[in-house]
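These features come from TrEMBL:
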REGION    B:360-379  region 'Disordered'
TRANSMEM  B:12-31  transmembrane segment
TRANSMEM  B:43-62  transmembrane segment
TRANSMEM  B:69-86  transmembrane segment
TRANSMEM  B:122-145  transmembrane segment
TRANSMEM  B:152-171  transmembrane segment
TRANSMEM  B:201-221  transmembrane segment
TRANSMEM  B:242-268  transmembrane segment
TRANSMEM  B:288-312  transmembrane segment
TRANSMEM  B:324-341  transmembrane segment
Amino acid sequence: MSGFTTQELFAIFAMQGFSGLSLFCVFLLMALGLAIIFGQMGVINMAHGEFMTLGAYLTYLVSVQAATLGEWALDAYFPVAIAVAFLGAFMLGYLVERFMIRHLYQRPLDTLLATWGLGLILQQLFRSIFGPREKTVTMPDWLLGSYSATDMIDIPLNGLFILAITILLSVALLVLLYRSRWGTKVRATTQNRTMANAAGINTDRVDRLTFALGCGTAGVAGAAFTTIASTGPTSGGQYIVDTFLVVVFGGAASLFGTIVSAFGIAQSQSILSFFWSGSMAKVFTLLTVVVILMFRPQGLFASKVRR
Amino acid sequence: MKAMITAFGGRITFIQLAVIAALLMVLLPAITDIYRLNLFGKYLTYAFVAVGLVLCWGHGGILSLGQGIFFGLGGYCMAMFLKLEASTPEATASQTTPGIPDFMDWNRVTELPWFWEPFNSFTLTLMAIVVIPAVFAWLIGYAMFKRRVGGVYFAIITQAIAVIMTILIVGQQGYTGGINGITDLRTLLGWDIRTDSARTILYYACCVALLLCLLASRYLLESRFGRLLIAMRDQEDRVRFSGYDVANMKVFVFVVASVFAAIGGAFFTLQVGFMSPTFIGAVASIEMVVFCAVGGRLSVVGAAVGAFMVSWSKTTLSETFPQLWPVLLGALFIAVVMFFPRGLAGLVSDYAPQALSKWRRQAGRTPPSGDPAAEEPSR
């Protein structure tokens, strides 16, 4: 690390740290939905990345629609796009639970294979509908440009925006799970399904909504994703393995753990990639996570529930 | 003699293997050209992986989404040996540093890296093909099973390791050949492996090795260990409380599966003539699980047939309908998991006995005809 002055090093850390923050947002947005589904039902949703891609494409469609309406629509379309992306992914998730996942609750390894198959089909559908080339969303003016903290540090506005969405979504999910009546039902089902059933909770319904909600979250992730990168058929799928590591590393059924591990993994990848090549940074980070998981399989923050 | 036959699962095993052997080694070479035969040989190398998965996933309940790691390790070991043999100082005289593989020279590596040195020797290479994957699988298995990590966690972590390995190989181009892999392999101990006769011989060698693997798997599954394996899959705690070391059994079966995969990988390199990271990654690894699931996760012969048929249809269909193949593969995944959890072998064993007895009853009344149902249970 010699050859850099302290000030330069600080600037590097700040800017790499910020680009790591964008990666953190993508990881966390995807991992939140995955963590809810995995923590709640023990189901591995390998098609989660495709739900995110779906959200991204829906956002693209809304932006194309907005562009035909005129300048004012382009400035304001984003909230609509987020809603559309959420609803689209939510509904698809609902159907998938209803017709596929429901039959496989006793066989978690099989849901993994079935959802991987679903992911393949969705990917090919995206490719057939939208074409193999990546699509870029027309961004509103207020998202372009950057904020200069010092003369060496430039922070892009879209990065700040995606960070804001991530924080909002995380808070919303935390409130929903820990402060709402529905959240109580979800946590009751997670902790003891039989007792929850006996207490009059319709656990099948809870499962269905939880799965759909997790998928809807992925849709919002997709909408946010469009502000920092363009969308291709495999945009979501390429993050799936990292995101699983994030969830497992954080500890299943612990949203707080998911946040911490997403932050750690994204930051170390991003900061290391400045000093090494990007691939070595990724190899090193993932390998560290895997090795830690071998010694601490329950993850960073294990839930203290007797099973 | 009789005891020996029983140890492998009775007469039916030998009938099945004889039918497979006849199909692979007599019928296929008779009806196809050398180009197709070489392709079939390639599909057979996946069958090694699928058979290993029957042991560790079907019977042991351990789903590994990283069998590509071991397939790749075996394949790369073989490829490194062949590459060194192809890179004689005379053949590489135009390079800055003659005598090292061409891709190293392109990446300005001037010396053969230390981990390539053992692959100058054929004996060491053969040992490496078995030992390296076995040790690696033992490490992964021991670390995880001793801590009672299993199920979904094991699947995710093996998949992550497969991804890490792909990134590593692609990133370290100068030492591994990068995304293109190790290509342009020519001779094995001075014997040109690209000629038609060499390809035919390699195909037969691959068939024989596969049959041996099948036989070994049947033996393992029919033994006491095989019973314990199933008991462990279905009621792990009971087996543990009966005093067995469950972790050791899991590690063992995982190592066996990995060695099978590595042998398959080595044959892949020999027959296809190159090895690349695409056969290691998450997608390749999970496709191997589909081969096994389609053929039947409980039947070694079924899995081998499944690997062969799915990869064959992959080549045929993705050539004619490149758009349709991923959709079909995905649908196959879902259908097998939801409707035929025991795969083709399960369908055959469900319906073949009925068909057979029906045919026998009819045959009692009318003279027997060449009914195809008679051949069905051989799967």
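Here the Cβ of each residue, glycine as well, is placed from N, Cα and C on the backbone.
Packing against the transmembrane segment (B:43-62) from elsewhere in the chain are residues 24, 70-71, 150-151, 154, 203, 206-207, 209-210, 213-214, 217, 220-221, 226, 229-230, 232-234, 236, 249-250, 253-254, 256-261, 263-265, 267-268, 271, 288-289, 291-292, 295-300, 302-308, 311-312: each is 6 or more residues past its ends and has a CB under 8 Å from a CB in it.
Scored on C-beta pairs under 8 angstroms, the neighbour of the transmembrane segment (B:122-145) with the top count among B:69-86, B:152-171, B:201-221, B:242-268, B:324-341 is B:242-268. Just going by CB pairs under 8 A, the stretch in B:152-171, B:201-221, B:242-268, B:324-341 that sits most against the transmembrane segment (B:69-86) is B:242-268. Counting C-beta pairs under 8 angstroms (sequence separation of 6 or more), the transmembrane segment (B:201-221) fails to reach the transmembrane segment (B:152-171), with fewer than 3 such pairs.
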